[in-house]
Amino acid sequence: MEWLIFSLLLLAVSASGQLCPKRCMCQNLSPSLAILCAKTGLLFVPTVIDRRTVELRLTENFITAVKRRDFANMTSLLHLTLSRNTISQIMPYTFADLKRLRALHLDSNRLSVITDDHFRGLTNLRHLILANNQLHNISPHAFDDFLGTLEDLDLSYNNLVDIPWDTIGRLTNVNTLNMDHNLIEHVPLGIFSNLHKLARLDMTSNKLKKIPPDPLFLRIPVYAKSKGSPLSSLVLSFGGNPLHCNCELLWLRRLTREDDLETCASPPDLTAKYFWTIPEEEFICDPPVITRKSPKTFAMEGQPTSLKCKANGDPDPDVHWISPEGRLIANTSRTLSFSNGSLEINITSLKDTGIFTCIASNAAGESTGTVELVVSPLPHLANSTNRIREPDPGPSDILTSAKSTSSVSNETRSQERKVVLAELSANSALIRWPSQQHFPGIRMYQIQYNSSVDDTLVYRMIPSTSFDFLVRDLVSGREYDLCVLAVYDDGVTSLTATRQVGCVTFVTETEFSQCQSLRSHFLGGTMIIIIGGIIVASVLVFIIILMIRYKVYSQHGADSGKGTAMTNVRSQTNGGQAAGQVPRSSSKIVEGQEASGGSLGGAANIKDSTALVLVTDSETAVQISEISSEDIVSPTQRHHPRTCIELKRRPSLSCKEGTSSDTQEDTASPQVSDEKKAQRDWSDFKI
């Protein structure tokens, strides 16, 4: 009984010691442990994995990313297979604990970039399979930890245009190198010369037009198939490339090979022909011919100029330029030579006057052409006969580095030559220097400066009448070395010489202050816009209110005009019919007269005249309402009434009461003429 209990406990301990994920197969073949999780639908690396596992296969699942904790402390793992998943992300130092790992399979995933930290810690890796991914970039230091141990590298079926060739050239232990089915266009010369153990190189189906001869290909036999080839041979596969079959591939044509799968894509007379069936004498190159070059070129001293030289040939020739002194022109801060044959001179000097020679060369030969450059001196502002020779002309090479010219003697840094920094910001600096009156015949000043992290000099030429210069487009937070040189004529040799005025070193401000300034300007402009908007809105509201009030009063006046009675009121005295006295009226009368020829006389014109009585207040409206219909005179009997002002002239008359009939007024005939005479002095009132 005790023995049975002990056996059960032993089985339980052994079962708990071996952790096996669900739906996976775990093989415990001592002393190794293998876990196989193929086609199990995993979305991530199982967490329940024995850390003593030697072989782990997680193929054909749906894992999208791998992290460092997935393989932490698995120091015994030798073989890791993650093929045919959907891995698109590898976290840095994911495999850092796999010190003994020998084979890593990551083929058929979705990797696009390999960085420096992806394979850190794999110091014993021998097989790295990265085929069938979407790789377009591999870091130059991605394979640094296993450069001396890697034996098999597979980069096939990716999107690689360029490969870190320097890294490939240091894989001294590599045996198989597969780079087929990519977009590689160029292979550097001699890149495989140190790969002494290389047995198979596959460059099939790329965009290679030529394969440069390599010392490795000449030392050992090269074959097209691995079957039947000696152990000390190299199997080279380069079919499916658009080969340009000229003299540059003649070395490959002379190799002993059995296959005839490669064809030529160019030149036109060899297109689609089998590479190995073309005779050697047809692998020819055309020497270069210069087809176009610049004519005689004129330039002003200190100004930029450009020289052109175009050449054709097979293969495309390389163009180099030779200066009038017979020196090869290299790319500097003053001169730039381009692959298309152009030569750019940023600052011309009188010493550049002469004949420049362009040399076009390729594998078939070379061709030369000449271009004459004439540099005209700047106009003299003073009489050259009065110039004297400067005892210390200083360096005459305008390409002198700013840092080297800054280490001059203390004499040249005297107070009168000192360059000062007047203003400084994050992206600009204002420098000033005193007038150089002791320099005779100064043509211009040359400013040259560079950053502390960049040795490339920047040149600026300014007139001799200027004593300050604003340097723009600087980088914030950088240290700059700046020197001012005076360009003048040597009175004896008539050559252009330069002498240093002074140098200064400064550090530009950080971008923070500029951001604050921009922010304050931005806030100030915003406040101005807001205040202006408020003023404009207030004016618009005021105009709208005036328009509304005008419209309301206009409608009110129109309605009042429609309701106004058109009548002619005639006032009479209170019982004084014979005298023709008219009582005072409190209403305001607007009387309009129509006269012929501007005359107010005539009975007919007086009878035809009309008057408008406008009622403007409630009191007047009440008085008009009390007038009876008999008081309103017909147009044929209308007479001009007298106003209270006229009646007040007569003390015997009163204008307080004024209602009488037309018959009473007619009886006062003796006074009619007097009344008509007085009516001429009446005035109109418009309300």
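Even glycines carry a Cβ here, placed using N, Cα and C.
As recorded in Swiss-Prot:
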- 1-17: signal peptide (SIGNAL)
- 18-51: domain 'LRRNT' (DOMAIN)
- 52-73: repeat 'LRR 1' (REPEAT)
- 76-97: repeat 'LRR 2' (REPEAT)
- 100-121: repeat 'LRR 3' (REPEAT)
- 173-194: repeat 'LRR 6' (REPEAT)
- 398-412: compositional bias 'Polar residues' (COMPBIAS)
- 565-576: compositional bias 'Polar residues' (COMPBIAS)
- 657-672: compositional bias 'Polar residues' (COMPBIAS)
- 673-687: compositional bias 'Basic and acidic residues' (COMPBIAS)
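Counting residues per DSSP class in helix, strand and coil order gives 0 helix, 5 strand, 17 coil for the repeat 'LRR 2' (76-97).
Within the chain carrying the repeat 'LRR 1' (52-73), a Cβ under 8 angstroms from the stretch's Cβ atoms is held by residues 32-45, 79-98, all 6 or more beyond its ends. For the repeat 'LRR 3' (100-121), the predicted model reports an average pLDDT of 94.
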